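Heads up: the structure comes next, in structure tokens.
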């Protein structure tokens, strides 16, 4: 009988959890509107999707929901290949650029592709949020829609590919016809590109065999025409030298301190302070403070800061050598779209050097589909054969390219034995090399105590490969360069950057940034206890939470218990913000407790945060009984799963229930936002 009651209890809890989820988590502090998304349609097109399709005579629509640029890149590449192989008139569209009132009127002679990523805890990407709301709550019949969906996700997350699966289900439920099978890719297993290629091949088979489209010989057809401008130089004011957008080129005429600031328009923030938190032979970590006092850029504790990157001098030199662009660095060119729906990806006219430094992802891994696409431009027949062979062999590509972490230039020069690829059109490079995207960091400051300053905490990424190459993080090494220069440490950086920026706009020590809202928030009720779990830089937003509660106490506000579980390798080497925690404890008193785990301090015993959680299970259970909210930040692949498993075991033990029931109960807390994660 007791088990029957327990089953009923779990069912009730899950029902309440679902209700809480759709109530938009009213008991939590809601993120402020920071103006992340712009409502302006890129390229000046109508926001009427049906009108745009008809006006431009398109019969294939590819919609992307992208947070880091991968889904957008896939949509663009798929569009080009569908057009080239089958002659379909394709159009790539950002969800954020259109309204959806008449989406159900799209006729059945138009094929619609959805390339959508899942972000955070099963949420749509920022640009797909409005469409997600429309599809979920407002869409009626979609009986004339012919669609297919590819979802991008990470299986280390609880809600793996939730948005792709949801879109596919809802589109069918509302009457849509799936013309090709749903597909999904898993970044957690490192097979995202391969999963996409497999799905793409299946779609092409469907287009040929079921829809009877005739396949043509694949050839490169540019969407843009490049014209060099001999009448312009780098000294001309209209020429872009890497500015984020045209507003920055016209900066003397426009007030750049006013938002909204978003993924199309950042704020150029001064870096007021940097300091090294630790340094070791393997890695180091920097603390960076951005001054936003001269702008209307706002954030709330728990949000993310997007930092806009540029490429290192070393990777630029290698890329320039690879494509034989040495004598074109300062040459100005202009792009003209050959398709009225194609969006030029950066301001122009612009220089070759500015594109390579500020707009292309030249430091990241190269994909197999890029290998196959560029093979036709190989410098000789032997290299073409090598490229085609490697590109068509998944295992050989994995062994020779992926596992060695070769970027575009590394891979091309490796396959050609150092011969430059001078015949590759720069239009091809612009269309096929992914574009640089902002990198996102959990904010480690409190908007209550630091209203005009945004802090981030970043581990500087440098990996030494067997062949002597250094694989470096783009933004983290840029921040390290700034820390070295700002503090005049005399340290030699692994790679070097142009810190002055286009037209010296980044002097002294400025970078483009914007804020991305997050649901990772402290409870509205300040007396609610919280359990914070964050090893390594996962402690960053949790530091912000603790600082928030410290400020609340200073303001005379009552706060609940705050328990922090923190882990690092060694107490003396990489203990982040070590001196600060005792200061916070002196203010919070009995309402603050910290447990530390050191994984490499004792050679005979590795201790992780989940071990400390288990060791203090009574503390955890008592707080949960008092309504505590759990916050986990850090590695999704192992730590977050191990922590969740440990919490479930604690619940099972102290509440005397079966572990599978405890697992379901903990999952229900996630839906209620009683168990929140900010993981990567």
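Even glycines carry a Cβ here, placed using N, Cα and C.
Database features, via Swiss-Prot:
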type     : residues                                                   : note
BINDING  : 66-71, 117-120, 152-161, 187                               : FMN binding site
BINDING  : 283, 537, 599, 600, 606, 607, 608, 609, 610, 642           : NADP(+) binding site
BINDING  : 439, 440, 441, 442, 457, 458, 459, 473, 474, 475, 476, 680 : FAD binding site
DOMAIN   : 60-204                                                     : domain 'Flavodoxin-like'
DOMAIN   : 264-509                                                    : domain 'FAD-binding FR-type'
TOPO_DOM : 1-5                                                        : topological domain 'Lumenal'
TOPO_DOM : 24-680                                                     : topological domain 'Cytoplasmic'
TRANSMEM : 6-23                                                       : transmembrane segment
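Burial estimate for the binding-site residues (283, 439, 606): highest at 439, by number of other CB atoms within 10 Å. Note on residue 610 (NADP(+) binding site): other Cβ atoms within 10 Å of its Cβ, all shown chains, come to 24. Residue 117 (FMN binding site) sits 16 Å from residue 439 (FAD binding site), counting Cα to Cα.
With respect to Cβ neighbours within 10 Å, the binding-site residues 154, 457 differ, and 154 shows the lowest count. Just so you know, the Cβ of residue 476 (FAD binding site) picks up 22 other Cβ atoms within 10 Å once every protein chain is counted. In this structure, of the binding-site residues 66, 599, the smallest number of CB atoms within 10 A of the CB marks 599. Counted within 10 Å of its Cβ, the other Cβ atoms near residue 441 (FAD binding site) come to 24, all protein chains included.
Assigned with DSSP, the residues of the domain 'Flavodoxin-like' (60-204) fall into helix, strand and coil as follows: 64 helix, 37 strand, 44 coil. Burial estimate for the binding-site residues (157, 160): highest at 157, by number of other CB atoms within 10 Å. Checked against residue 441 (FAD binding site), the binding-site residues 120, 157, 160 differ in C-alpha distance, with 120 being the nearest. With respect to Cβ neighbours within 10 Å, the binding-site residues 459, 474 differ, and 459 shows the lowest count.
Here the candidates are the binding-site residues 66, 599, 606, and by Cα distance the one nearest residue 439 (FAD binding site) turns out to be 66. Of the candidate binding-site residues, 459, 474, 476, 610, the one lying closest to residue 66 (FMN binding site) when CA atoms are compared is 474. Checking Cα-Cα distances from residue 459 (FAD binding site) against the binding-site residues (160, 283, 610) with a 10 Å cut-off leaves 283, in sequence order.
Comparing CA positions across the binding-site residues 157, 160, 283, 608, 610, the one lying closest to residue 476 (FAD binding site) turns out to be 283.
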